[in-house]
Amino acid sequence: MFKQDQLHRFLFKNYSVRGELVLASETYQHILENHDYPQPVQQLLGELLVATSLLTATLKFDGDITVQIQGDGPVKLAVINGNHQQQMRGVARIDGLVAENSSLKQMVGTGYMVITITPTHGERYQGVVALEGETLADCLDDYFRQSEQLPTRLFIRTGIQDGRVAAGGMLLQILPTAEQGSAEAFDHLVQLTATIKGEELFSLEVKEILHRLYHEEDVILYEPQAVEFRCTCSRQRCADTLVTLSDEDVNHILQKDGNIDMACEYCGTHYIFDADDLAAIRIEKKNRLH
């Protein structure tokens, strides 16, 4: 039986270090279920999902984070978007053959990772780092080193649990109020956390996991937050996109297909617009202009 998708925040009482633990297997399953991705791409999306959930939980404001991988290999794009409510969605775009057991480099080729932080109120921030690490976690380490943010380490695990895909992970971060000497404590905790196995994350209760990892430490565990798949697509958003098309383009599609079928690449939902729908959209467009 799958454990509920949740994010757990915790704090080391004797160190200026905070932590997070997330399990997102059901959300991972939802992201994959409308697509037929090769196994290495499935794994990449699972890793991105865990990373995005953990990073989103570090936000001190309402907003969202998008973590995306782009490159010139067969996997042109892999992206996960999540918000402060831990609502996640994601997709990959593939153009070419992805061989079994492909590495990140073999899938993406020469590329980069973009992390975009978008507050509900405020300016957007975007960080870019070249994909030079062997794994996504390595690339995230590079990102934190280059962006001069608080020392942060992520530990990402994906796999199969009870015949279904599973994804989880942990994050450690030094607090802004950290005193001198915290770096040594942080490194010690990183070494302990690195021993976590996927099977432990997927099957054990959070308190047991923390006890196994940090049985000599005093850990404060906070109330969990639910993690879920949630797509933000809607018929209105599709209509807003159609408004940007010229009448000539719309008429051409109608003559050819009889309607316009718009499919969300995140969740697979189809939105059908016939001639009457499009006429109403045109009227709305004219009203907006006046």
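All residue numbers here begin at 1 and follow the chain in the order shown.
Using N, Cα and C of the backbone, Cβ positions are placed for all residues, glycine too.
Just so it is clear, the model here is predicted, and its values are computed rather than measured.
Under the three-state DSSP scheme, Cys231 (disulfide bond) falls in the coil class. As annotated by Swiss-Prot, disulfide bond applies to Cys231-Cys233 (among others), with the evidence given as sequence analysis.
As annotated by Swiss-Prot, disulfide bond applies to Cys264-Cys267 (among others), with the evidence given as sequence analysis. In this structure, Cys267 (disulfide bond) belongs to neither helix nor strand by DSSP; it is coil. Cys267 (disulfide bond) has a Cβ environment of 17 other Cβ atoms inside 10 Å.
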Residues that sit under 8 angstroms from Cys233 (disulfide bond) by C-beta distance, when 6+ apart in the chain: Cys264, Tyr266, Cys267, Thr269, Tyr271
Which same-chain residues, if any, lie at least 6 apart from Cys231 (disulfide bond) yet have Cβ under 8 Å of it: Arg89, Cys264, Tyr266, Cys267, Thr269
